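Step one of this worksheet: look at the structure below.
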Amino acid sequence: LQGIFVLGLPYALLHSGYSGLLLIVLAAALCCYTGKILVDCLYEENEDGQLIRVRDTYEDIANACCKKLSPKLGGIVVNVTQVVELIMTCILYLIVSGNLLSHSFPYIPMMEKTWSVIAFVTLLPCIFIRTLKIVSKLSQLCSLVHFFIIFVVITYCLTQMHQWSWAKFRLSLEFEDFLISVGVIIFSYTSQIFLPTLEGNMKNPGEFRCMLNWTHFFACILKTTFALTAFLTWGEKTKEVITDNLPSFLETLVNLCLLTKALLSYPLPFFAATEIVYSCISKDNHSNYRSPLLAMTVRGSFLLLTLLMAMFTPHFALLMGLSGSVTGAAMTFLLPSLFHLKLKWKKLSFLEKCADISVFILGFLCSLAGIVCSVKGLLEVFG
């Protein structure tokens, strides 16, 4: 999920200058923190003072917070938000795949939408994915491809060290461009949707916090190195997707790797979205939930939905930005901090309360700014 945004980090530095480097570090710290407090909401102390896992999902946390208002309202809001974000992500992978195929084989006279259909055909086996083990193996392959792409770009940039200059960094900032950079940087770290399930499936859940610290630390180092070397290499000529700056022989290779990454990335949000739907269905009719025919139907419907939206939704990038500003900020900053305050208020120290409130306010401002920029873009397009 992070790979698509990572390729835009050098472009984000172009518009944010020195503050972009600080934002990369700050975003890592904030997303690591909200991941910890979200998983903290899964636990409660028993009579002996021991922490017991009493909730399993993001939905359970939401229902616990809203049980006085409505027993299921919180879960419904969270599930709808998660499914929208996951479906949008799947659609984005399809569109990106079509775009990459079109650029990789420009001599074949086919439209990008046709290439997207070809990419969709390769994803049909997703209908048969039934366990997280298969998804994890595909994600491992995806990570290997991702590291290869980063390695190729950084290696090429290092060969151009003779033309690096810190003078390429901007000191003055334009507000709207800076907001775009904030969105790209922050959402290159988002993973909160998957954390409750991930922590629940760990052999030793006690190592979750340590794992989160190290993964965000190394992600921060890698992203800073990647963004910095790429921007110092191309400066003002840095493009939105940094691979477009590469020489043609490398661009084709990297584009094909990106295509592989996009296709390998699709199963994770797809599986997560269908699992949410399954859990909702199982509460009403457990026997039907176990029906293989129902499972195939739901997965097939999701696959078809992502294809149709990728093919026929106009200005999807702007709509993605709008929905991402709402769902991404909510799932990453607003809800974790709000739920943590609600469930742990009596046990939180003054500084912890201040931290949660600060994260909530920051998330709200980021969401509001993203919505304003996206709506402005849509209004300009539709004239």
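Please read every residue number as a count from 1 along the shown chain.
Just so you know, glycine gets a Cβ as well, placed from its N, Cα and C.
Unlike curated entries, TrEMBL annotations are predicted automatically.
For 2-373, the entry in TrEMBL reads domain 'Amino acid transporter transmembrane'. Residues or ranges marked as transmembrane segment in TrEMBL: 12-33, 76-95, 115-132, 144-166, 178-198, 210-233, 253-281, 293-312, 318-339, 359-379.
Where the transmembrane segment (12-33) meets the stretches 144-166, 253-281, 359-379, the count of C-beta pairs under 8 angstroms peaks at 359-379. If one looks beyond the transmembrane segment (144-166) by at least 6 residues along the same chain, the residues whose Cβ comes under 8 Å of a Cβ in the stretch are 3, 6, 222, 225-226, 229-230, 232-233, 235, 242-243, 246-247, 250, 253-254, 257-258, 260-261, 264.
Across 76-95, 115-132, 210-233, 293-312, 359-379, the stretch most heavily in contact with the transmembrane segment (253-281), judged by Cβ pairs under 8 Å, is 76-95. If one looks beyond the transmembrane segment (76-95) by at least 6 residues along the same chain, the residues whose Cβ comes under 8 Å of a Cβ in the stretch are 1, 4, 58-59, 61-62, 112, 116, 119-120, 123, 193, 262-263, 265-266, 269-270, 272-273, 276-277, 280, 302, 305-307, 309-310, 313, 316, 319-320, 323-324, 326-328, 330-331, 335.
Within the same chain, residues 94-95, 97-99, 101-102, 197, 201, 259, 262-263, 266-267, 270-271, 295-296, 299-300, 303, 306-307, 310-311 sit at least 6 positions outside the transmembrane segment (115-132) and bring their C-beta atoms closer than 8 Å to a C-beta of that stretch.
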